[in-house]
Structure formats: structure tokens, C-alpha cells
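Colleague: Take a look at what Swiss-Prot says about it:
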type	residues	note
DOMAIN	10-203	domain 'tr-type G'
REGION	19-26	region 'G1'
BINDING	19-26, 81-85, 136-139	GTP binding site
BINDING	Thr26	Mg(2+) binding site
REGION	60-64	region 'G2'
REGION	81-84	region 'G3'
REGION	136-139	region 'G4'
Amino acid sequence: MAKEAYKREKPHVNIGTIGHVDHGKTTLTAAITTVLAKKGMAQLREFGDIDKAPEERERGITISTAHVEYETDKRHYAHIDCPGHADYIKNMITGAAQMDGAILVVAGTDGPMPQTREHILLARQVNVPALVVFLNKVDIADPELIELVELELRELLSEYEFPGDDIPIIKGSALKALDGDPESEAAIMELMDAVDSYIPEPVRDVDKPFLMPIEDVFSISGRGTVGTGRIESGVIKIGEEVEIVGIKPTRKSVVTGIEMFQKTLDQGQAGDNAGILFRGVDKEELERGMVIAKPGTITPHTKFKAEVYILKKEEGGRHTPFFNNYRPQFYFRTTDVTGAVTLPEGVEMVMPGDNLSVEVELIVPIAMDENLRFAIREGGRTVGAGTVTQIIE
């Protein structure tokens, strides 16, 4: 059967495999493409091909990630798989590969291991909306042990505020599915059905409230002030009221013009690089780092909690640890803002390569909500990355 050209008829969902090292994440990824390829819904990807994941850079951090795509009857999926544990942490914290849901792979022979717990915690911290579990290697695990592992997993998921009692747990063998064993192939299809039905369809960026970070500001004589940037979410139309949020006190304005590539438009939407003209705003009142947003949808803050990853020396990060009250720059969307870091109780210092929760206080307020990603920089050099997990004030 000839592969059909990819048509945008099915909803698109981003997922990934997470879990402890050697529990079978990459084997499962290969098995999914193998089983779906037989139905003409994926291109076959070999284990070795997925395992040699290319390196990518996101917010100045190098991450190895393999991207695989496939479809089911209901959806089109982009699936990510990371070779190393550190790659997962970096991926989840930088949001390099945004996950609408994840497949947690746990070996029935081992049960939950340290990285299983760590990945569940991270998924909670960075708000991965839903998890589905694949209990792997059940062909070589003791059936009584499998029952215990399942109970233990449900407790662990509940501990991190996932609905442990309701999460689908599919049992199978990724390796046997790769070898074409019919029963194991059926388990892969069962897993895909669970992913289809249990992982919610994401809200598209266009359907979210309007937000555009300002990258540049200039004035057009006789017409007013223009802010340019890439529209992050939503839709904006001429005549609509917006709020200008961050750095200075929040103020309202009305959009009097929208331009893209020198052409005037009546509306702009998520993904567009646009110039927006504002009524009654002076050039001095707008600056890079502010955001233009639908009124009442986002507020400016200076204090927040965050989950951060600090780069290793080999990754171009710091060579030395840092201590309480460390003051780097935090790069949010389009600008750097200095802030002070408060370490959790009992933590004396942070070493390059560490991943932990911290509290940050910025010197000026920035428009933020939970899940906002940022880079940690020192003089323009990236030394870490983070995700806002809770706003304090």
C-alpha cells in the first residue's frame, strides 16, 4: 500500500516515552512504528535508528532527542524518545519537545525504579496533562510480581497527584512485538487505543487567549507606536482592547493596526510574526520583554517557584557550584531580568548537572503563569533552564 500524503484531517498530539533506563522506552518506540507500519500508518523505524538520536539546541542547551511520527485511526502523533536520562530532564524542563501526554514505560521485572519516580515527578512539575503506562517485559516476569508492580505503580502515580486508580496500564512485551509475536502486537494496539482515548486532545495555540511577547518597538510618525514579535497564542483583530503587561505597571490600549511583511491585515494569529500598532502609547512606554495580551489573562509577577536544570561544565555551563542568593539573569521569552535564587532548606550549594526546585525573586515584574519556561544566563551565556511551577507574588 502506497503511503498517503500527510493530510491535516486528524488532530495532532505530541507524546513521548518516559521511564527508567533500560526499561524499554526506545524498544517500545520502535515496536509502535513496526506494528503501525504494517497497517500503513507509520514509517518503520529501527531501534538503532531511534537510539542514535540527533542533538538539538533549545534555549542554548544541547539535547539528544529522536522524533518519530505515526498515526492511529483517530489521530496523528509526533513521538519523542530520548537516549539519556539527562536528556529527558533537559527536554522536560526546557519544553524543547512539548508533551501533551506521555507513555510511562516500566519493566515488569523491576517495577518502579529511581528514574521512574523522577520522571513522574518531572511530568507533574512541568504539567504533562496525562500519562498512560506500558508495563513491559511481562513475558519474562513472574505473574504475581506483575500484580504487585501494578499496585505499586498506581500508588506512586497517586503520590504525585496523577489519577493512579484510573490510569490505563497496558501489559506487554515491546521486544516480542518487534519480532512479530501476534499477542504482543495486540498489546501495542491496545496501548495505542489507550493513548487515543486517555490522553486529551490539546487546545491549539490559536484557541488560547491572545499573547504576543514584544521583541522590538518603533514609532511611525503620525500613526503611533508599533510593537513587533511573534504571536505566541490566540488571535488579534483591529479595534480589540489589549493589556501591556510586565516590567512597568500594566496598562490598556486598543489595537489600531496589524502588519505582517509590510502588508496590513485585519487580524493576526498564533505563529505570525507581526507588528501591532497601539492607540495612545508612547514609544517610551513599550519595551522588549513586555507582552501584549487579552485583558485579564496574564499578570506580572516577581516571585515564583521553579524546577531548574543546571548545565554541566561539559555542556558549556558553570565550572563551579553556586550558593544561596545566587544572582544570574533569567531569560523570559525575549528578555533577561536579574533575579535572586533561594535554595531549598538543607541544600547548601548547587553543582553543575543538578536538577532541583528553587525560589526566585526578580528585580522587575514579568508577565508569567505556571509552566512558563526560561533560561538562566550569566552575561549572555546559558547556564541552566527552568519552568515556573508556582507563582508566589
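In case you wondered, yes, glycine gets a Cβ from its N, Cα and C as well.
What's the neighbourhood like for these features in this structure?
Modeller: Remote same-chain residues near the region 'G1' (19-26) are listed as 47, 50-51, 66, 81, 83, 85, 104-107, 110, 112-116, 119, 136-137, 174-175 (criterion: CB distance under 8 Å, separation of at least six residues from the stretch ends).
Neighbour list (Thr26 (Mg(2+) binding site), Cβ cut-off 8 Å, at least 6 residues apart, same chain): Thr17, Phe47, Ile50, Asp51, Ala66, Asp81, Pro83. Classification of Thr26 (Mg(2+) binding site) by DSSP places it within a helix.
Within its own chain, the region 'G2' (60-64) is flanked in space by residues 53-54, 82-84, 87, 90-91, 94, 96, 309, 311, 315-316, 375, 377, 381-382, 385, which lie at least six positions past its ends and keep a Cβ under 8 Å from the stretch.
Mean pLDDT across the region 'G3' (81-84) comes to 84 in this model.
For the region 'G4' (136-139), the list of distant contacts is 23-24, 27-28, 105-109, 146, 171-176, 184: same-chain residues at least six beyond its ends, Cβ to Cβ under 8 Å.
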Colleague: Quick test of the contact rule: Cβ under 8 Å, at least six residues beyond the ends. What residues does that give for the region 'G3' (81-84)?
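Modeller: 16-17, 25-26, 29, 50-51, 53, 63-66, 68, 91.
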Colleague: Provide the three-state DSSP residue tally for the region 'G2' (60-64): helix first, then strand, then coil.
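Modeller: The region 'G2' (60-64) comes out at 0 helix, 4 strand, 1 coil.
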Colleague: Neighbour count first, Cβ atoms within 10 Å, every protein chain included; then name which of Lys25, His85 tops the list of binding-site residues.
Modeller: Lys25
Colleague: Go ahead and report the DSSP secondary structure tallies for the region 'G3' (81-84): helix first, then strand, then coil.
Modeller: 0 helix, 1 strand, 3 coil
